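Lifted from TrEMBL, the feature list:
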type     : residues : note
DOMAIN   : 530-723  : domain 'STAS'
TRANSMEM : 87-111   : transmembrane segment
TRANSMEM : 117-134  : transmembrane segment
TRANSMEM : 180-207  : transmembrane segment
TRANSMEM : 214-235  : transmembrane segment
TRANSMEM : 255-279  : transmembrane segment
TRANSMEM : 291-312  : transmembrane segment
TRANSMEM : 348-368  : transmembrane segment
TRANSMEM : 380-397  : transmembrane segment
TRANSMEM : 417-437  : transmembrane segment
TRANSMEM : 475-502  : transmembrane segment
């Protein structure tokens, strides 16, 4: 049928925008079948699983070169390195970042419950490997406080401050510190193996399951853990390391019990350091556009504290705990302990995931800012190899710290040459001048760590915003934060991830279904509750499904549809079949007879017939009128006390525009529901169905004599025009003349038409 679109005046109270360009499109009314007949599709060969496997293992010169470049990204960006433009910036950035890396390496090592100088190893070895394998040009690889705390939890569990260590082969003859270093390096090695395996298997997408909301709540709780863990250094107290659920509460209890033993000198030093560092960092933030290089206040205060501590002999005079002896050079490689793998596998996996997630998030920020791409799978490989290599030389899990990466980027760093130079600075300190840091009070390191927690702790301000905007996200934030706060970081991450997945499942399982109505004078359909000027043809319902249909929500979808149409089709069908049985018996007994006006009661008195409950399965079958001269009008009044629920609609339109997939359970449930509706004489139309879903329905033998492919229409408007043609309404009043458009009005974007449209009129395009 060729529908001519006409442009008429709008209804009362509705005026067209005079500046809007109007185009009238004349095209046939399309069902999916008629559209397929008029427009031939291009056949596309779809690859099978075997094809993908063959392609994966096929190798040629071009692919070998591409693989080499992807595995060694340094080759790509070094070829494009602008020596004159970038080298000076990389040198300045490398020196600045190296100084910060030295300080943070010493400080964050305290979180891992290891001797401070091992933090210098973590700021050196992983950086060397990442230089060759990483795809980000701006992140600074090295210790990250949350990872250090997670490593420290495993370390203090296997080698506690008080009491014997776990009975692990390989601990014999080692000091407590050496045992802890072995645990930390083994956990790091295992986490690196996990990251490398995920990278090789191309599963870098797993980080997508950690939403920004979950990471925010998790890092906020981690910041609280870090704050509490540093109180013992700031207050100068001896507090044993505690791990496991409620470890934070137990640690605070011990601190409060020992608060009277606080070292006043440690407290004074910490307060002075925190105040000065905080003020200068605020100045750096406020005047960052005017300062060529941020003031490295942590490094400056560390140097001053070292000098003052050495000059006044704080360790002897005031009993302050200092960094102490820092050995020169690097230690020989050490093999990881397989028995430790067994004891820490549960802790190593969240370390691997969190380390990669944080680094990838920071790398993504800088890649967008500087317009280059990063590869998630290659980043997994880079961090996996970095951690494996570093663990062999007694370093612990590496990721990136936002503050250190900000220094590397803001001081002019253009590539990982800056990262390599920062590793050189760390190496110089390790090999030559590390002894200068021996008098440094640990309270200074604790104060520097605490003052850098400001950004993480301020994330609490997100709670009111999330509650107003998205309560489900707010629940995820609170669950991940509270879970990590009470249960520890590893279990807390699992709790947050579980709540996040549950929230997604619930929102998919219980979507917001709605009834649509036509916006008068247009081909647009919106939620009938949201607009005033709407048109709803009598006997027609338009039901929108805004989610996939699968095993978990098919029953919910059915209930919502029954609620929307106002009747249960299965119950109506059973009532009708029972009524047909009764009418057939009464006709045989002569108590009813057919007349020109329908069924007539020939009995003198009221007829009371008990319901026949035999053959109940037949009640769900299509109503059989083969013995009747005509069909029964179920909406008319029936004789003989027969009552059947009325069905007020003749057509139901299901909008599948938002249905992205349909599983087998959903397919079966949908088919059963459609059969029930068709058997109670409701015409069902499905519109805007995804082609792949429609193809799946054909492949799964979805269609039969009742459920036919002709019920699928290209658009919602096509289906509505077909329904209005099949079930014309009474002649409308003049004021209701423009209820529904019989064509499509579109706004054509300015610009040249495609080559095959050039012969069309510039003011009217016929499709």
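We count from 1, first residue shown onward.
Just so it is clear, glycine is given a Cβ too, placed from its N, Cα and C backbone atoms.
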* Recorded stretch, among 291-312, 348-368, 417-437, maximising Cβ pairs under 8 Å relative to the transmembrane segment (180-207) -> 348-368
* Structure fact -> Per the Cβ under 8 Å criterion, with at least 6 residues separating them from its ends, the transmembrane segment (117-134) contacts 71-74, 101-102, 104-109, 140-143, 181, 184, 323, 326-327, 330, 378-379, 381-383, 385-387, 389-390, 393-398, 416, 419-420, 422-423, 426-427, 429-430, 434
* Would you mind listing the long-range same-chain contacts of the transmembrane segment (475-502), meaning Cβ under 8 Å and 6+ residues beyond its ends? => 146, 149-150, 153, 209-211, 213-214, 216-218, 220-222, 224-225, 243-249, 346-347, 350, 353-354, 462-463, 466
* Long-range neighbours of the transmembrane segment (291-312), counting only residues six or more past its ends (CB under 8 A) -> 92, 96, 99-100, 102-103, 269, 273, 276-277, 280-281, 283-284, 320, 322, 407, 410-411, 436-437, 439-441, 444, 448
* To do: For the transmembrane segment (417-437) and the transmembrane segment (87-111), decide whether they are in contact, meaning at least 3 CB pairs lie under 8 A, counting pairs 6 or more apart in sequence.
  => yes
* To do: Residue list, the transmembrane segment (348-368) vs rest of chain: Cβ under 8 Å, 6 or more residues beyond ends.
  => 135-139, 141, 144, 146-147, 150-151, 154, 187-188, 190-192, 194-195, 198, 204, 206-207, 210, 212, 215, 218-219, 341, 374, 376, 379-380, 383, 387, 397-400, 402, 405, 409, 489-490, 493-494
